[in-house]
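The block underneath contains the structure these notes are about, expressed in C-alpha cells.
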C-alpha cells in the first residue's frame with residue numbers, strides 16, 4: 001500500500017500546487033491587452049491547426065516587437081481544444097476572465113463557434129470567425145458579438161459556383177450539370193448546403209451530397225459513388241487529414257483533379273504536399289490570401305521575430321497558407337482593438353465591449369493594409385452594424401505539384417443571392433432566441 | 001474513535017434498513033448536501049462552475065445510469081453516448097415543438113424517450129452477453145450518430161445540423177447564471193442518486209444483482225431475465241438520457257451529434273470501472289476522476305514546468321496530460337481493481353479501528 005499512499009500524496013499535492021500556481025499570474029499584468037488563443041496542436045486536425053496557431057501567435061509577437069497597439073503590449077495564452085467542442089468551451093471559460101479579461105475569441109472550429117455564440121453575449125466578448133462559423137452571423141443586427149470577417153461558407157459556395165460557371169462559359173451552361181459536395185459531416189461541412197441547393201434550383205444543376213464522417217480517413221465508399229455517378233465537378237469541404245485522403249482517393253479512382261475544388265480550409269500545404277504530383281491541377285478557393293512568402297509582413301516577421309529566435313513554429317512554414325490565415329485572423333483582432341482605441345482612448349487597454357465596437361466599425365483601406373505589409377495579400381475590409389463580414393473577396397489558387405499559384409481573378413460574392421438568405425436565417429435565429437434585432441439607432445451607440 | 005457505531009442501537013426495522021445506518025454517515029451526507037447547496041454557490045467562481053462543477057454533476061448522473069446497467073446488472077454497454085444523444089434530442093424536440101411545455105417535463109421526457117430506445121437496444125441482451133453485448137450496444141451508438149446527422153426532422157431542419165436552446169426557466173426561475181445552472185443540476189442529481197440508491201436496495205435491484213452474479217441461477221430461483229434485464233436497460237437509459245438532456249440544455253446550450261460520440265460512451269464506461277462497479281459512490285468518484293483530472297493536469301503541468309524554468313508547449317502539455325492520465329488509470333486498475341469506491345470503503349473500515357489499527 002506504500003506506493004498507493006505515495007500516489008495519493010503526489011496527486012493531492014499536485015492539486016493543491018496547481019491551484020496555488022495558476023492563481024498569481026492573473027494579478028500580475030494589468031496594462032496588457034490579453035488575447036486568449038484557442039488552438040489545436042494535437043488530435044486529428046493538428047497538422048492544419050498548428051500552422052494557423054503559429055501564425056496567430058507570431059503576429060501577436062510581431063505587434064509587440066513593433067511596439068504594441070499604440071503602446072499597449074499584448075499578452076496571450078494558448079489553450080488546447082483538440083477541435084472538441086466541450087474542451088473548447090472549457091478553454092473559453094478558463095481564459096475569458098484572465099489577465100484583465102479576454103479581448104476577442106477565435107475558436108477556429110465551427111462547432112465551438114456555435115457553442116460560444118450562445119455564451120459570448122452574456123460575457124460581452126466578441127467572437128471573430130474569419131472564414132468559418134455561422135454564415136448568417138454576418139447580420140450584426142442579430143448576431144451582435146459574432147464577426148465572420150472576410151468571408152463565410154455561403155460566400156465560398158457562391159463563389160465556387162461562379163468560378164465553375166466561368167470555366168464552363170456562363171451560368172447557362174450549368175444547366176443539367178452534376179456537382180458533388182464531399183463534406184466533413186459536422187456543422188462546418190453542412191454550412192454550404194443551403195446555398196448550393198438554392199443556386200442549383202436557380203441555374204438547374206444537380207447537387208449531390210456526399211458526407212464523410214470525422215476524421216475523414218474512410219472515404220472509399222464516397223469515391224465509389226463518385227466513380228459511379230461521375231459528377232462534373234467535386235467540391236471538397238474538408239479539414240485536416242480528410243483533404244489529403246480525398247485527393248489520394250481521387251487519384252485512385254482516376255477522378256480528374258482539375259475538376260475538384262476545395263474551400264479555403266482545403267487549400268493549404270498540409271493538404272496537398274504528401275500527394276504532391278497526385279494533387280496537381282487541384283484548385284481551392286482562397287480567403288483573399290494564398291501562400292505569401294514574399295509579402296512584406298512575412299519579411300517583417302522573419303526580421304523582427306524569427307531573427308531573434310522568438311518564432312513559434314518552424315521557419316520554413318512562415319508564409320504558408322494556413323500560417324497566413326492565422327496571421328490575418330490575429331491582425332483583424334488587433335485592428336479591432338486599434339479602432340476601439342481611437343474612440344475610447346489611445347494607449348489604453350480595451351474591454352471586450354469596446355473591441356466589439358472597434359470590430360463593427362473596422363475600416364481597413366488599401367493604404368492602411370499596404371502600410372502594415374499586406375500589399376497584395378488582402379483587399380480592403382469595411383464592416384458595419386448590418387454587415388459583420390466586411391468583404392467577400394475570393395481568389396482561386398491551384399496546386400502545380402510543388403506550390404500554390406493563383407489561377408483566377410478576384411471574385412466577389414453575389415449579395416443579391418446571399419443577403420436574403422442571411423436575413424432569413426438570422427431572422428429565424430432571432431425569433432427562436434426571442435432576440436430583438438438592433439435598430440439603426442441602436443447601432444450608432 | 002470518531003467514526004464508530006458503538007452505542008447506536010436500532011430499535012426498529014426502519015432504523016436498521018435506512019440508507020445510512022451509521023449516524024456519522026448521515027450527518028456527513030447532510031453536511032455535504034448543505035455545503036453543496038449553500039456553501040458552494042457562495043464561495044466558488046464562475047470558471048469552476050461552468051468548466052468543472054456542472055460537467056461533473058451531469059456526467060455523474062450519466063455514470064450513475066451506466067453503473068446501474070454495467071455495475072448492478074452486469075450488462076456491458078458501449079451505447080451510453082447514444083442514449084445521452086437520444087435524451088438530448090428528444091428533450092429538444094419536446095421543447096421546441098410543443099409550445100409552453102414546462103422545461104422539467106421536456107427534460108424528463110428526454111429521459112423517458114431514451115428509456116424506450118434503451119429497452120429496444122436492450123433486447124439483444126436476452127440472447128448475448130459479455131463482450132458480444134457490448135458490440136451489440138455499440139450499434140446503438142452508430143445508429144443514433146447516423147440518425148441525428150442524417151434525419152433533418154430531429155434537428156428541426158437546422159442547415160448546419162447544430163441545435164441550440166435558450167431562455168430556459170422553470171416557473172419564472174431563469175436558469176441562465178452559472179449558479180442557477182449548478183443548483184438545477186445538483187437538484188436533479190440529488191433526487192436521481194436517492195432514487196438509484198433505493199432502487200438498488202429494493203426487489204428490482206436485487207434481481208439485477210442476481211442476474212449479474214449468475215443469470216442461470218437467478219432464473220432457477222424465479223427471477224425473470226426478460227424483466228430484470230430490460231428494466232435495467234430502461235432505468236439506466238432513463239438516467240443517461242436525462243443526463244444527456246441536461247448536457248445539451250444546461251451545459252452546452254448548443255450542440256451537434258459529435259457531443260455524444262463513441263468517445264463519450266467509452267468515457268462513461270471508464271468512469272464506472274475506475275469509480276467502482278456496483279456502487280453508487282463509485283459513479284461520483286469516477287466522474288470526478290475523468291472530468292477534473294485532465295483539466296487539472298492541463299493547468300498544472302505548465303505551472304509545474306515553470307517552477308523549473310521549463311516552458312512546455314501547448315501540444316506538449318496535451319500529450320503529457322494523456323500520458324499521465326492513462327498511467328493513472330492503469331495504476332488504479334492494478335492497485336485497486338474494484339475502483340476508487342473500494343478505496344473509500346477500505347478507508348472507512350480503517351477509520352473505525354483508528355487510532356488502534358491491528
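Cβ atoms are placed via backbone N, Cα and C, with glycine included.
As annotated by TrEMBL, transmembrane segment applies to B:27-44 (among others).
Annotated transmembrane segment per TrEMBL: B:50-69 (among others), in sequence order.
Taken from TrEMBL, the feature transmembrane segment covers B:76-92 (among others).
If you look up TrEMBL, you'll see B:98-123 (among others) marked as transmembrane segment.
For B:130-149 (among others), the entry in TrEMBL reads transmembrane segment.
Within the same chain, residues 33, 36-37, 40-41, 49-50, 53-54, 57-58, 60-61, 64, 67-68, 170, 173, 239, 242, 246, 250-251, 280 sit at least 6 positions outside the transmembrane segment (B:179-196) and bring their C-beta atoms closer than 8 Å to a C-beta of that stretch. Marked as transmembrane segment by TrEMBL: B:179-196 (among others).
Among residues of the same chain six or more beyond the transmembrane segment (B:230-250), those with a C-beta under 8 A of the stretch's C-beta atoms are 54-55, 58-59, 61-62, 64-66, 68-69, 72-73, 75, 77, 80, 83-92, 95, 103, 106-108, 110-119, 121-123, 125-126, 163, 165, 168, 175, 181, 184-185, 188, 192, 196, 199, 204, 207-208, 211, 259-260, 268. What TrEMBL records for B:230-250 (among others) is transmembrane segment.
If you look up TrEMBL, you'll see B:270-296 (among others) marked as transmembrane segment. Sequence-distant contacts of the transmembrane segment (B:270-296) (same chain, six or more residues past either end, CB-CB distance under 8 Å): 51-52, 55-56, 59-60, 62-64, 66-67, 70-72, 193, 196-197, 200, 209, 212, 321, 325, 328-329, 332-333, 338-342, 344.
With a cut-off of 8 Å between Cβ atoms, the residues of this chain six or more beyond the transmembrane segment (B:308-334) that come close are 270, 273-274, 293-294, 297-298, 301-302, 340. As annotated by TrEMBL, transmembrane segment applies to B:308-334 (among others).
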Contact check, the transmembrane segment (B:130-149) vs the transmembrane segment (B:27-44), 3+ Cβ pairs under 8 Å, seq sep 6+: no
